[in-house]
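*Asks:* Got a structure for you, questions after.
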Amino acid sequence: MNLRIKKWLEKLDQFEKILVHMPSIMYCGKLIGINGLVLEVSGLKLPIGTICIVEKNNSILDSDMIEAEVIGFRRNLLLLLLLSNVSDLTADSKVTPKILNGSYYNINKLPVCDKLLGRIVDGLGKPLDNFSKIDSKYNVSLTNVSINPLHREPVTHVLDTGIRSINGLLTIGRGQKIGLFASSGLGKSVLLGMMTRYTQADIVILSLIGERGREVKEFIDSVLTETVLSRSIVISAPSESSVLMQTRGAIYAMRIAEYFRDKNFHVLLIMDSLTRYAMAHREISLSIGELPVSKGYPPSVFSKLFSLIERAGNGKINSGSITAFFTVLTEEEERYDPISESARSILDGHIILSREYAESGHYPAINIENSISRVMPNIVDSSHYSFACHFKKIVSLYQRNRDLINVGAYISGTDPDLDMAITLIPKLNKFLQQGMLEKSNFLDSKKSLYSLFN
């Protein structure tokens with residue numbers, strides 16, 4: 001009997017905690033349909049971005065409540081998208097707006113503050129590291145006022161990435177937006193780990209969007225030492241999370257980066273991957289009825305993509321910067337990929353990884369011929385740029401004639417430039433390769449480049 005009373009009292013305590021936070025008037029709708037990922041709800045009128053609670057089995061217990069976001073409306077129906085993957089919903093389930101501090105809880109406001117440093121959170125700012133939740137008083141809007149392009153600080157300072165081939169041949173500027181293009185299995189995660197450890201930045205923000213959940217912990221354990229983690233923030237929305245969580249995770253990471261940029265910090269933002277972000281938006285757009293126009297992608301996906309990328313970069317004059325590395329997944333047999341082409345057109349440069357290099361044990365597997373940094377001519381001296389171009393020419397010349405050389409069809413002395421390329425290529429390949437735990441700062445990389453030709 002005592003055990004039964006104890007259980008009843010525990011239930012009453014749960015109900016009491018819920019009732020304390022309930023407003024005097026509750027607006028309520030009901031679930032009348034599910035179309036793909038989208039829930040159709042009648043009886044409510046709420047702004048886009050509002051979080052609603054869908055009650056399973058008409059229960060008010062936390063365990064039976066599911067959160068969903070208002071993403072649009074159709075005539076008198078609200079369109080909601082679930083924040084988690086749930087399959088046991090029933091018709092006529094009760095739907096109510098979530099209340100926080102006396103007002104509707106809007107997903108477009110999440111915690112952004114210094115307390116996030118050293119933390120690992122999901123796409124909604126909820127802790128994944130078993131530490132305390134960030135107080136809602138730090139919530140700010142995820143949207144931000146765009147900076148007048150005439151007021152932005154130009155990219156004029158070199159960013160030391162600690163990677164010899166990038167420092168020497170694809171020099172990155174502080175505030176630059178770079179794409180890392182690669183298919184699976186080419187050492188992309190290893191290269192990102194090296195950038196995270198060695199890049200000279202005040203704050204590091206890692207946005208892991210739509211990737212394998214197993215890799216999230218492995219990446220954090222192998223890359224984020226205590227020193228690096230203390231100045232880092234990790235936002236994780238793995239592939240098993242909802243598409244809404246994945247899109248929010250990317251936007252949330254960018255908003256945090258903007259916050260620190262506005263405080264005059266130099267921020268390194270690594271987003272892995274931009275392709276998963278676009279795919280998540282595609283699922284949402286198709287679910288609410290948008291028509292696909294390019295390889296299954298609706299037009300709104302590209303506007304979202306450009307909007308996200310353009311938020312990175314330098315801030316106003318004499319303020320901080322966001323140097324962003326966006327990974328883009330490519331299909332080697334696909335001649336045209338709309339996401340890759342769109343990203344390439346708007347980014348300030350691209351680093352392409354080569355399967356041929358990776359399979360031969362050449363790491364990092366950067367294809368120097370096809371990679372480019374568009375700001376490099378503006379931030380390095382003329383001799384450095386000249387040596388980098390000369391390096392690329394020699395590699396390109398050797399690659400074009402490699403088959404002739406390998407089969408013995410080329411006769412030495414026929415082409416002096418090719419003779420020089422054959423002599424230098426072992427040194428050039430050694431310059432391009434670098435161990436995972438090896439760091440090469442900008443000055444050392446520059447000296448190594450010069451020494452190849454002197």
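Yeah, the Cβs are placed from backbone N, Cα and C, and that goes for glycine too.
Feature table excerpt (Swiss-Prot):
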BINDING   ALA182, SER183, SER184, GLY185, LEU186, GLY187, LYS188, SER189  ATP binding site
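Map the listed features onto the structure and describe their local environment.
*Replies:* Under the DSSP three-state reduction, GLY185 (ATP binding site) is assigned to coil, being neither helix nor strand.
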*Asks:* Taking every protein chain in this structure into account, which of the binding-site residues SER183, SER184, SER189 has the most other Cβ atoms within 10 Å of its Cβ?
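*Replies:* Of SER183, SER184, SER189, the one with the most crowded Cβ is SER189.
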*Asks:* How many other Cβ atoms sit within 10 Å of the Cβ of ALA182 (ATP binding site)?
*Replies:* 26
*Asks:* Between GLY185, GLY187, which of the binding-site residues has its C-beta surrounded by the fewest other C-beta atoms within 10 Å?
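*Replies:* Each of the binding-site residues GLY185, GLY187 was scored by Cβ atoms within 10 Å; lowest is GLY185.
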*Asks:* List the other residues in this chain whose Cβ sits within 8 Å of the Cβ centroid of the ATP site residues ALA182, SER183, SER184, GLY185, LEU186, GLY187, LYS188, SER189, in sequence order.
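*Replies:* Result: LEU353, ALA358, ALA365.
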*Asks:* Please work out the number of neighbouring Cβ atoms within 10 Å of the Cβ of LEU186 (ATP binding site), leaving out its own Cβ.
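*Replies:* The answer is 26 other Cβ atoms.
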